[in-house]
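Features reported for this protein in TrEMBL:
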- 83-136: domain 'LRRCT' (DOMAIN)
- 1-18: signal peptide (SIGNAL)
- 148-168: transmembrane segment (TRANSMEM)
């Protein structure tokens with residue numbers, strides 16, 4: 001009977017016990033990744049689900065990857081100050097996440113370092129249009145690339161159509177020659 005209760009209790013334990021992400025220090029509810037020289041490239045891709053407080057202050061973060069905090073149901077605060085935030089298209093997730101937070105006073109020091117026209121602005125209070133205005137060069141490049149690809153594709157299709165037309169004309173000439181040759185042979189009769 002006791003073994004049955006023990007087995008049923010084990011069923012409620014998670015299959016994998018999450019570990020502290022490298023290079024951070026962790027307690028049950030706090031993950032401290034401050035002063036680790038973290039960038040977007042070497043930022044942990046996930047945190048412990050039990051994390052209530054995450055310290056990411058004083059690193060070299062310019063943005064936060066999309067969805068990084070979404071599955072942390074116990075999360076109460078993330079300390080983000082002291083990072084060189086680039087308020088371009090990549091900051092949209094962080095801005096959106098900050099706007100959903102109850103205690104916005106924690107995030108008053110989370111400010112843009114660049115671009116110059118947004119420098120010093122609080123990220124949570126930026127409008128989407130202000131951020132998207134920094135992305136236009138990307139849209140222009142994408143539009144140019146799309147137009148160039150479309151032009152190349154249409155050119156290849158035009159060349160293919162021309163080759164098919166030329167081949168069909170040659171095929172018609174060849175079939176006409178074959179018909180005339182077979183008619184000539186048929187009119188001459190069988191010499192044997």
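Every residue gets a Cβ built from N, Cα and C, even glycine.
Remember, predicted model here, so these are calculated numbers, not experimental data.
For the domain 'LRRCT' (83-136), the predicted model reports an average pLDDT of 93. Secondary structure by DSSP for the domain 'LRRCT' (83-136): 30 helix, 7 strand, 17 coil.
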